[in-house]
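Okay, so here's the structure we're looking at.
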Amino acid sequence: MKIYEGKLTAEGLKVGIIVSRFNEFITSKLLAGSIDCLKRHGAKEDNIEVCWVPGAFEIPVIAKKMASKGKYDAVICLGAVIRGATPHFDYVSSEVSKGVAHVSLDKEVPVIFGVLTTNTIEQAIERAGTKAGNKGYDAAMSAIEMSNLMKILD
């Protein structure tokens, strides 16, 4: 039996990160977590490129643009969609997750879903580096592992 696993080293990887400006007090912490993870695992700052978009709904189109370039080993998508009193949360979170998954499958580039979808602001804050770790850091770990796994399977 042959088992394949991606290494957890970011040396030589080029990573694009897309960050939603909406709820920036949360998303900036997710971005910091992603960058911290990439650098701790050997990525050079020059190999990390960040695109800010207005909101989470705009993430998939920029993910597609970045994944299409053939320049990135992975694209990390970061945002924070927090439930409110209207169904807007359901529409946005559903379409963003579908869009990100579609890009990854279509372009065969790891496009990592690091968009928080929470019921409360408190839950988002917890997942951005307080109680529940930093989901931006976790997204970067997934990007590293998946990038290296894709290289093995090529």
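Each residue, glycine too, has its Cβ placed from N, Cα and C.
All chains included, 12 other C-beta atoms sit within 10 angstroms of the C-beta of H88 (active site, proton donor). Positions annotated as active site, proton donor by Swiss-Prot, on the basis of sequence analysis: H88.
Swiss-Prot lists F22, A56, F57, E58, A80, V81, I82, F113 with the feature 5-amino-6-(D-ribitylamino)uracil binding site. Long-range Cβ neighbours of F22 (5-amino-6-(D-ribitylamino)uracil binding site) (same chain, at least 6 residues apart, Cβ-Cβ under 8 Å): P54, G55, A56, G79, A80.
There are 6 other Cβ atoms within 10 Å of the Cβ belonging to A85 ((2S)-2-hydroxy-3-oxobutyl phosphate binding site). According to Swiss-Prot, the (2S)-2-hydroxy-3-oxobutyl phosphate binding site annotation covers A85, T86, R127, on the basis of sequence analysis.
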Integer Å distance between the CA atoms belonging to A85 ((2S)-2-hydroxy-3-oxobutyl phosphate binding site) and F113 (5-amino-6-(D-ribitylamino)uracil binding site): 24
Neighbour tally for I82 (5-amino-6-(D-ribitylamino)uracil binding site), based on other Cβ positions within 10 Å of its Cβ: 18
